[in-house]
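As recorded in Swiss-Prot:
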- 89-200: DNA-binding region (DNA_BIND)
- 10-23: compositional bias 'Polar residues' (COMPBIAS)
- 211-222: compositional bias 'Basic residues' (COMPBIAS)
- 227-237: compositional bias 'Polar residues' (COMPBIAS)
- 1-50: region 'Disordered' (REGION)
- 209-244: region 'Disordered' (REGION)
- 224-300: region 'Transactivation domain' (REGION)
- 214-223: motif 'Nuclear localization signal' (MOTIF)
Amino acid sequence: MDSYEKEESVASTSGIQDLQTLSELVGPENAGEGELTIAEEPEENPRRPRRYTKREVKCVSYHAYKEIEDKHPQHIKLQDWIPTPEEMSKSLCKRLILCGLYSAEKASEILRMPFTVSWEQSDTDPDCFIVSYTCIFCDAVIHDPMPIRWDPEVGIWVKYKPLRGIVGSAVFIMHKHQRNCSLVKPSTSCSEGPKPRPRHDPVLRCDMFEKHHKPRQKRPRRRSIDNESCASSSDTMANEPGSLCTNPLWNPGPLLSGLLEESSNLPNLEVHMSGGPFWEEVYGDSILGPPSGSGEHSVL
């Protein structure tokens, strides 16, 4: 055997000689010398209350959902609660929630983005739910600033307060995250995913805005450049019978008399140009001046 082959064989067996036996690594029970046992997982931190979520249970039907709701009535609303599971699925409930928060165009825009939508019961108000959007690439969480609640009378999801323009929208933040996403999943050594940015409770935030927000004063209307009064109900000329044109050159009567001279149809044409006999009788407005009738049916 050559020296090269001797060195290669020694190098290939040196690692095996340094290894411990199987019984020393996993114990005599799991090494085949006794019964096979599975190591128990360490218990969770007793100080931290365990939150019951829908991820731990697979609800395959309405009866399974009702069974879970009966066993855990205080925890069923914590996450992804469906108000009427016999009528709607989770996918339909998600779409109804987005349509309650935003317009249909914005809701479809959110559904196209790479985010999973979930909703969780608020600790401040049990009737409200906080909607969160989780990135499918990096597991980043974005909370919607507007809470939502279920209205059982009409059977729809409605916003907590009519303050969408004040509290803001999550669509812009989601677009910004989508452009700057690192596309890297968090480390598997961490038991939990990345925590969202700490912020105020959306329910308390909306209450604070509603309490301290003052509506902006309306801007004054821009006046006309010539500052001349327009014909309106406050104008004295508008209440006077007769033609509104004060220039005799543009009065339809003299124009017609100049064009047609002495025509038998001149009064009829003038009456029809001013609005007809009904207009003249009721409103007293004619190009011929004040109404010629008795005025019993005249308004002005």
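Every residue gets a Cβ built from N, Cα and C, even glycine.
Taken residue by residue, the DNA-binding region (89-200) breaks down under DSSP into 35 helix, 26 strand, 51 coil. Mean pLDDT for the region 'Transactivation domain' (224-300) in the predicted structure: 56.
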